[in-house]
Amino acid sequence: MSVAARLRLARGAFTLDLELVVTVGRTLALLGPNGAGKSTALGMLAGMIDLDSGSIVVGGRVLDDDSTHVETEHRRVGVMFQDYLLFPHLSVLENVAFGARSTGVPRAAARGAALEWLDRLGIADLASSRPPQLSGGQAQRVALGRALASDPKLLLLDEPLAALDVEIREEVRAELGRHIREWGGPTILVTHLFDDVVALADDVVVIERGRVTQRATVRELVQAPATSYVSRLVASWSDD
Amino acid sequence: MQRSARRKRQGFLSPALWVPAGLALALLGLPLVALVVRAPWSQLPELLAQPSVGSALALSLATGLMSTAISLVLGIPLALVLARSAQWAAVPRRLLRALVTVPLVLPPVVGGVALLLLLGRRGLLGQFLPFQLPFTTAAVVIAQVFVAMPFLVLAVEGALRASDRRFETAAATLGASRFTIFRRITLPLVFPGVAAGALLCFCRALGEFGATITFAGSFPGVTQTLPIATYLQLQTDPDAAIALSLVLMIISAAALVSLRDRWVPGVTA
Amino acid sequence: MKRALVTLVAAGLLLAGCSAAPATQPTPEPTAEDTLTGTVNVFAAASLTETFGAIADAFTKEHPDVNIAFNFGGSSALATQIVEGAPVDVFAAASGTTMKTVTDAALTDGEPTVFVTNTLEIAVPAGNPGGVSGLADFANPDLSIAICAVEVPCGAASKTVFDGAGIVAAPDTLEQDVKAVLTKVELGEVDAGLVYKTDVLAAGDKVEGIEFSEASTAVGKYPIVQLAASTNKNAAAAFVAYVLSPAGKKILDRAAFGTP
């Protein structure tokens, strides 16, 4: 067991109570409609939102519990944000080298490691480009490289394909899946797209209105949807 | 494609707005035109060659740059506090904003008196100082910072409010400390605002008169900046005063035109 | 500062056309033959702020239908404004040179009359912390000294005084007008300043005056004149006459102005 989290939070009428377990080398999808609490859960895992109670343990290290709260910058939880949030004033190479530079790695070493990552992701030729010049697919790869280059112990993917045009999603999604499997660390995918789940995830946690409504492998989910929300997703997916 | 489309959209300007816009421009521009037309061009080299002009100009540039530098070092953090004060309770938040804005509305002479009451020989703090601050070049810089820093603070604060804070979150997930985030993300992202604010601040400091003459006094080479020299010249030799005003105008215009064009597109492109 | 504020408020009341007379002191009935009405615009040197305010008070008690509107400021700035066409009925300057700007432009109605004189006096903060005793102390570089810049009338007068006495002054600041010198003395920022007698008196307890014999070499003359472009000639003439009258002189005397 490499990641275990129990997330509890109450904000007015909304309550979130969620248990997540990710084993090494597997990708867990957090699937749910808008407003189910997916983004909140992601914020809690990344240390941006405090838990009311519960705990987060990553690779045997306690990030949150009743007496602990590790700040975002010390959690080693990598995030690939929905709109990537590449730093517009830095080159692609500097973006990817940013994590290492921030933790004290000398400039040349950080850039060398960043270039290796760009090479591995097949975008070494973009090293000196600026983020505004990139296509959506390219930006996504840079964002993935930036997150992975900081050597995270948990990778969070926040709606990784939502910012892309529908026509190119399929190709980018396949590519993303390949890179994540190559990386091999524990990954949590937050999405409302069933296609993402099928292509990228091994296990699924379905949340609706802050509660877990189904916990299954992708295959089990397709075969036995527990709620009407999942049934509709599965139905519209098999129609395609 | 996108850029030309945007430009076209900006092109929609109601003709009705041209009239007030033109009047505004005339009000701002014509007095300067008058200054240029009435300038004693033939005597200009002679007037400007006076050693007193050179020393006033050098003092103005030196103190203006110094106070802009101080305003940057102190004003940017203040702008951050101001921008983040949105989450504060209403009273301290408004109080903070009022404090920053007061020097903008206060007659500079009153600002100068206030500075004397604080830092003068018998001032609240000044009485404990081992040296006398008024009538020194340092006092000129303090008066300029008092009057000009709000321009920088408000410009940077506006840029900070408009900037996307999620970039800071992204930097934090990559392991960057708060200061690293400030230095490598927050500050570069608001650079156009900082540059514009610094320019406004410098130009305001350059033109500062009231607070300076009240707090720092006026002594050639020490505290007599170009605006003060201009004012004194106006008493006896209006032609020389116009010549000095031209110098001030040209410096400010050059700073505003050249630096803005060089800095801003480089970041927004 | 407080005094200046009071004066300002009083001037504001006058401008607004209100009677500044206290309620307990009823305004005398206007005499039947008084036909003076309207507003008289008076541009006057800043050093006349208090006295002209009082004179206007007394004048409008006799002529309640007349409103005296003041513009106090540096004499040369006022002269510039008049030459540039400001609508003025009466101009009272703090020096003959500034008045000359206006007479040279042929804007006056007759010759200006010198109505008061003013002499320089050493002003020191209450208690005289610098131990200043005479004009010679102005050469002491260890003392903090404020005088007027030579470009303005009080500075020109100061220069005459120093030159006459053979003293090389060591000022820390050359101020743009006499009130600015006075402010620095009042706040104790300087050990001594050279101002007019009237200013020392007006500053009250905060400032002490020290007379010096060399002052007689630079007596400031205050000329007053009616302007040709005046739109209210009768009232303007009456105001000028009032300033020159014994009643006006009494108010001016009280403020330590000298008789020409």
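Here the Cβ of each residue, glycine as well, is placed from N, Cα and C on the backbone.
Annotated transmembrane segment per TrEMBL: B:12-37 (among others), in sequence order.
Among residues of the same chain six or more beyond the transmembrane segment (B:57-83), those with a C-beta under 8 A of the stretch's C-beta atoms are 96-97, 100, 137, 140-141, 144-145, 148-149, 152-154, 156-157, 160-161, 182, 186-187, 194, 197-198, 201-202, 205-206, 221-227, 247-248, 251. What TrEMBL records for B:57-83 (among others) is transmembrane segment.
Here TrEMBL flags B:57-259 as domain 'ABC transmembrane type-1'.
The transmembrane segment annotation in TrEMBL covers B:95-119 (among others). Long-range contacts of the transmembrane segment (B:95-119) within the same chain, counting only residues at least 6 positions beyond its ends with a Cβ under 8 Å from a Cβ of the stretch, are 78, 81-82, 85, 88, 125-126, 129, 133-134, 139, 142-143, 146-147, 149-151, 153-154, 208-216.
Annotation source TrEMBL lists transmembrane segment at B:131-156 (among others). Within the chain carrying the transmembrane segment (B:131-156), a Cβ under 8 angstroms from the stretch's Cβ atoms is held by residues 59, 62-64, 66-68, 70-72, 74-76, 78-79, 82, 100-101, 103-104, 108, 111-112, 115-116, 119-121, 190, 193-194, 196-198, 200-202, 204-205, 208, 211-212, 214-217, 219, 222-223, 225, all 6 or more beyond its ends.
Annotation source TrEMBL lists transmembrane segment at B:185-207 (among others). Residues of the same chain lying 6 or more positions beyond the ends of the transmembrane segment (B:185-207) and with a Cβ under 8 Å from any Cβ of it are 60-61, 63-65, 67-68, 71-72, 75-76, 80, 144-145, 147-149, 151-156, 158-160, 162-164, 167-168, 171, 176, 226-227, 248, 251-252, 255-256, 259-260, 263-264, 267-268.
Residues or ranges marked as transmembrane segment by TrEMBL: B:240-259 (among others).
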